[in-house]
Amino acid sequence: MKVLILIIASVLLIGVECKDGYPKNSEGCKISCVIGNTFCDTECKMLKASSGYCWTLGLACYCEGLPENVEVWDSATNKCGGK
């Protein structure tokens, strides 16, 4: 029983350490893409994400499973383009 509780607690803690979002480039903007997921998947995995894809409607890479220390784009704190 104790082992089961330990496993469940471990899974919950692992989930807390990951986030999803649009990674930012050096200028604070989303990483742009047009078509295909290979570029975004590579960019996201370089940031230690589990995967990434090109969200075509936003023309930007979206990463899943990013570490907490990676900054992601947020419309509320958008500094892209000197805003």
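Positions of Cβ are set from backbone N, Cα and C atoms, glycine also.
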Cysteine paired with CYS61, where Swiss-Prot records a disulfide bond, from CYS40, CYS63, CYS80: CYS40
Among CYS29, CYS33, CYS63, cysteine joined to CYS44 by disulfide in Swiss-Prot: CYS63
Among CYS29, CYS33, cysteine joined to CYS80 by disulfide in Swiss-Prot: CYS29
For CYS40 (disulfide bond): DSSP state (helix, strand, coil): helix
Confidence summary (mean pLDDT) of the domain 'LCN-type CS-alpha/beta' (19-81): 93
